[in-house]
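J.: What follows is a single structure, and I will ask about it in a moment.
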Amino acid sequence: MKHIQWFPGHMTKAMRMMEDSVKLCDGVLVILDARAPAATYNKNLKKLFGNKPVLYVLNKSDLADEGRAKGFCALIERGGAYALPLCATDSSAAKRVGAKISSMLSEKHRKDEEKGMRRPDRLMVAGIPNTGKSTVINALSGAKRAITGDKAGVTRGKQWIRCAGFELLDTPGTMPPSFENQYLARHLAFIGCINDDILDFGDLSIELLGELSRLCPEKLTERYGISDFSAPLAMLEQLCKRRGFILRGGEFDYERGAKALVDDFRKGRIGRITLESPEEYENFGV
Ligand SMILES: Nc1nc2c(ncn2[C@@H]2O[C@H](COP(=O)(O)OP(=O)(O)O)[C@@H](O)[C@H]2O)c(=O)[nH]1
Ligand SMILES: [Mg+2]
């Protein structure tokens, strides 16, 4: 697959904007994708957060492997940060995140009380594109979206949304993904965190089949009747055969097969899968 890159200029600009926002907050919610927590984590951001408490939300947990998602959460919490598997579209999402935020900020609450003043808790949402930042913000703020400005008439002032028990910066910090590791960069492509226009679905499907055949061959058998795992191209052909993706003349319609595979994976139709194993990431999130 093509080497995936991010322009350094974008990186610097995104980081600078995030840095300004973080300063105004008591804590940060970093949204990761529970199907690929390591790939959707950008360790460069850790330094921006300074001493601010961080809650890592492993979102889209409805599409992910439950045990692995929990394993990553345990790793993160062992390192001193907070973590929560979440399905942001679930009706219980706001309540679960709210409870976690409140325990994360208990130290601030105690200090506020000592000083005899209770400032509102202010948080921001951050994460790489497509992890569900907007969905989380909508879930936390509810339908009404009460917006509270820092100062009326100051257009440059940040907008805060009043949520149950805290205020949320209305615009999420969009952070660039880290592409230092091409194995993890591929995971970003699989889950749809990279603009599809720059991706070759043929290549992508071959890589995905290779990885899924090592991780969960039984799921490929169940959905596509794949039984010969000797080579990814042969797997794609079995998929095409099963789904009837055959061109006039009898050739396999590889392109259709590739698209179907990636689409099925992204929508969770192959099963609940987390591509990375917590065992491989000893010091994750710390
Ligand atoms: N299955 C599933 N889809 C989700 C979840 N959260 C968000 N999405 C979907 O993921 C896509 C990207 O979400 P969005 O909030 O726009 O991501 P953003 O780019 O980080 O703001 C949308 O199609 C959402 O509906 C979730 O917990 N589960
Ligand atoms: Mg968004």
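Just so you know, glycine gets a Cβ as well, placed from its N, Cα and C.
Annotations in TrEMBL come from automatic prediction, not curation.
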J.: Which of G9, G27, G98, G173 does TrEMBL put in the same GTP site as N59, K60, S61, D62, N130, T131, G132, K133, S134, T135?
T.: G173
J.: Of N130, S134, the binding-site residues given in the record, which has the fewest other CB atoms within 10 A of its CB?
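T.: Among the binding-site residues N130, S134, the lowest count of other Cβ atoms within 10 Å belongs to S134.
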J.: If we count other C-beta atoms within 10 Å, could you say which of the binding-site residues N59, S61 has the fewest?
T.: S61
J.: Quick one: largest C-alpha distance among N59, K60, S61, D62, N130, T131, G132, K133, S134, T135, G173, binding GTP per the record, in angstrom?
T.: 24
J.: If you count Cβ atoms within 10 Å of the Cβ of G132 (GTP binding site), leaving out that atom itself, what do you get?
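T.: Looking across every protein chain shown, the total is 24.
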J.: In the three-state scheme derived from DSSP, which category covers G132 (GTP binding site)?
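T.: Going by the DSSP assignment, G132 (GTP binding site) belongs to neither helix nor strand, so it counts as coil.
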